[in-house]
């Protein structure tokens, strides 16, 4: 399911939402969000359940929680403005999608700050069956 969703985003050439998040991750963490975080642990990628497996997976858990609090903008499709300055991201505008930008900004910084915990060998394409326990509250 994750792979199908990722391919759809790429084929459609989406300019907002998730595509902007991908670009933001590239600028801040110097990694591809699609190739590095779209199917990682219990929370990075489509859906999420259970206990985050490491600090990187926790970045995705917090990002999911942040998206859950957004009102007035579809986080996966809404377009926002931002600039990259000196390795940091500054979200612009006052529209409803600025909240999404701030969620994405925090996650990109979290990925960068936790690159040392990223464990592709263990958590890439981690089986959902290992993420069945109840999720902690946001």
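Note: Cβ is positioned from N, Cα and C throughout, glycine not excepted.
Summarising the annotation, Swiss-Prot assigns active site to 63 (among others). A sphere of 10 angstroms centred on the C-beta of residue 63 (active site) encloses 23 other C-beta atoms. DSSP assigns residue 63 (active site) to a helix in the three-state reduction.
The annotation active site is assigned in Swiss-Prot to 104 (among others) on the grounds of similarity to another entry. There are 28 other Cβ atoms within 10 Å of the Cβ belonging to residue 104 (active site).
If you look up Swiss-Prot, you'll see 43, 45, 47, 64 marked as Ca(2+) binding site. A simple way to gauge crowding: the CB of residue 47 (Ca(2+) binding site) has 11 other CB atoms within 10 angstroms, across all the protein chains here.
Taken residue by residue with DSSP, residue 42 (disulfide bond) is part of neither helix nor strand, so it is coil. What Swiss-Prot records for 42-131 (among others) is disulfide bond.
Note: residue 60 (disulfide bond) has non-local neighbours 37, 40, 41, 43, 44, 45, 48, 52, 107, i.e. same-chain residues 6+ apart with C-beta under 8 A of its own C-beta. According to Swiss-Prot, the feature disulfide bond maps to 44-60 (among others).
The Cβ of residue 59 (disulfide bond) has 28 other Cβ atoms within 10 Å, all protein chains considered. Sequence annotations record features per position, and here Swiss-Prot assigns disulfide bond to 59-110 (among others).
According to Swiss-Prot, the feature disulfide bond maps to 65-138 (among others). Secondary structure at residue 138 (disulfide bond), as computed by DSSP, is coil.
Mapped onto three states, the DSSP output places residue 103 (disulfide bond) in helix. Contacts of residue 103 (disulfide bond) defined by a Cβ separation under 8 A and a same-chain sequence distance of 6+ are given as 63, 66, 67, 70, 75, in order along the sequence. The disulfide bond feature in Swiss-Prot is assigned to 66-103 (among others); the stated evidence is similarity to another entry.
Long-range Cβ proximity for residue 73 (disulfide bond), meaning a same-chain Cβ under 8 A and a gap of 6 or more residues, is found for 80, 95, 96, 97, 99, 100. Per Swiss-Prot, disulfide bond is recorded for 73-97 (among others), and the stated evidence type is similarity to another entry.
Sequence-distant neighbours of residue 91 (disulfide bond) (same chain, 6+ apart, CB under 8 A from its CB) are 80, 81, 82, 98, 101, 102, 105. Annotation comment: Swiss-Prot describes 91-101 (among others) as disulfide bond, evidence class similarity to another entry.
Taken from Swiss-Prot, the feature signal peptide applies to 1-16.
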Give me the long-range Cβ neighbours of residue 110 (disulfide bond): same chain, 6+ apart, Cβ under 8 Å, in sequence order.
55, 58, 59, 62, 63
To the nearest whole angstrom, what is the C-alpha distance linking residue 42 (disulfide bond) and residue 64 (Ca(2+) binding site)?
11
In the three-state scheme derived from DSSP, which category covers residue 91 (disulfide bond)?
strand
Select the closest residue to residue 138 (disulfide bond) from the following recorded positions, measuring between CA atoms: 47, 64, 104.
64
Around the Ca(2+) site formed by 43, 45, 47, 64, list the extra residues of the same chain whose Cβ is within 8 Å of the site's Cβ centroid.
42, 44, 46, 48, 49, 60, 61
